[in-house]
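A.B. asks: For reference, TrEMBL lists these features for the protein:
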type: TRANSMEM; residues: 35-54; note: transmembrane segment
type: TRANSMEM; residues: 75-94; note: transmembrane segment
type: TRANSMEM; residues: 114-135; note: transmembrane segment
type: TRANSMEM; residues: 156-174; note: transmembrane segment
type: TRANSMEM; residues: 180-209; note: transmembrane segment
type: TRANSMEM; residues: 221-239; note: transmembrane segment
type: TRANSMEM; residues: 251-273; note: transmembrane segment
type: TRANSMEM; residues: 280-300; note: transmembrane segment
Amino acid sequence: MDGAHRAALQLQQLPPASSADPVSEASFSYKENLIGALLAIFGHLVVSIALNLQKYCHIRLAGSKDPRAYFKTKTWWLGLFLMLLGELGVFASYAFAPLSLIVPLSAVSVIGRYILSFVGCGLAIVGTYLLVTFAPNSHEKMTGENIIRHLVSWPFLLYMLVEIILFCLLLYFYKERNANNIVVILLLVALLGSMTVVTVKAVAGMLVLSIQGNLQLDYPIFYVMFVCMVATAIYQAAFLGQASQMHDSSLIASVGYILSTTVAITAGATFYLDFLGEDVLHVCMFALGCLIAFLGVFLITRNRKKAIPFEPYISMDAMPGMQNMHDKGMTVQPDLKASFSYGALENNDNISEIYAPATLPIMQEEHGSRSASGVPYRVLEHTKKE
């Protein structure tokens with residue numbers, strides 16, 4: 001009777017415990033999502049400010065006579081410090097929130113870097129709100145065992161096989177066939193970037209667990225992920241630099257964001273199973289947020305003013321008296337009936353009065369006396385009349 005009574009008490013205590021666990025887990029996952037999203041937004045904004053500071057430093061040095069190098073200025077070092085701080089914030093965000101939430105938030109850096117159009121800015125903000133609200137709530141501890149288990153799972157192995165084949169084909173067409181299309185180059189960047197974000201989340205998660213007391217640095221998978229993270233980041237930057245030499249930066253920003261975000265979300269959903277257990281409505285709203293953010297970034301970069309290349313010419317409005325030349329119907333050809341000086345495109349007699357040209361009159365030489373040693377030529381002084 002006592003055993004039966006104790007079993008009945010245990011059965012009565014189980015339902016409240018099971019009903020409280022989902023609520024606490026949901027609140028905990030929401031807090032982690034919020035922390036990760038805020039860290040990512042903060043990091044991307046700081047990186048955008050840092051890039052603008054360094055660009056301002058280069059422009060100021062180029063337009064002045066300052067002989068200093070850019071790395072000897074305080075502004076450039078401040079930009080470098082802010083860039084490292086922002087990248088550290090983005091790196092830490094992967095340890096708290098799912099990869100599918102952190103990757104699309106890079107639209108914040110595009111918003112802060114370009115002159116905004118109101119429609120594009122509004123769409124990017126709405127898309128970011130939907131991404132944060134309907135992001136997946138998968139929060140798995142990044143232990144060595146879990147990472148190895150995901151690494152050898154058949155969905156990720158199949159994804160890796162498809163990605164390696166696609167990467168080799170694109171690299172062949174890019175190197176051997178000279179396929180310099182922007183989609184080809186940025187797709188190579190996106191494929192490498194998907195592996196970068198997967199390894200960054202693994203490394204960041206294992207570092208956070210190690211700091212919390214659960215040491216993960218003795219697992220060899222940590223160092224494998226770290227090497228893959230560094231290698232893919234280096235090659236990704238190399239391809240991105242080649243793309244920036246051949247195509248416009250605004251086009252790279254929009255197309256690169258769309259391709260990199262799509263491939264990275266696919267890689268994260270395959271490796272970390274971010275959307276496992278999510279209902280259809282949340283997945284559709286998350287996809288809608290991605291599409292709205294894509295459209296916003298495209299409109300922002302599309303409305304950016306293109307830089308006018310420098311051409312060595314003399315502006316007509318920089319000449320005296322020539323500001324309204326075309327409005328008055330005046331011709332560019334100077335009037336040959338009046339006095340004019342070379343380089344001036346209008347009749348201005350007061351200039352010829354101020355500057356008298358130098359002349360070289362020829363003195364006739366006496367041919368009869370060969371012993372004359374006089375100077376045959378005499379140069380008149382060039383005087384300026386007041």
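Glycine too: its Cβ is placed from the backbone N, Cα and C atoms.
As the structure is a computational prediction, the values presented were derived from the model and not from experiment.
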A.B. asks: Looking at 35-54, 75-94, 221-239, 280-300, which one has the highest count of Cβ pairs under 8 angstroms to the transmembrane segment (180-209)?
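C.D. replies: Looking only at 35-54, 75-94, 221-239, 280-300, the most contacts with the transmembrane segment (180-209) come from 221-239.
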A.B. asks: Which bits of the chain, at least 6 residues beyond where the transmembrane segment (75-94) starts or stops, bring a Cβ under 8 A of a Cβ in it?
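C.D. replies: Long-range Cβ neighbours of the transmembrane segment (75-94): 35-37, 39-40, 42-54, 56-57, 60, 102, 197, 200-201, 204-205, 208.
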A.B. asks: Report, as numbers and ranges, every residue of the chain located at least six residues beyond the transmembrane segment (221-239) whose Cβ falls under 8 Å of a Cβ in that stretch; write 'none' if there are none.
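C.D. replies: Distal contacts: 144, 147-148, 151, 185, 188-189, 192-193, 195-196, 199-200, 202-203, 206.
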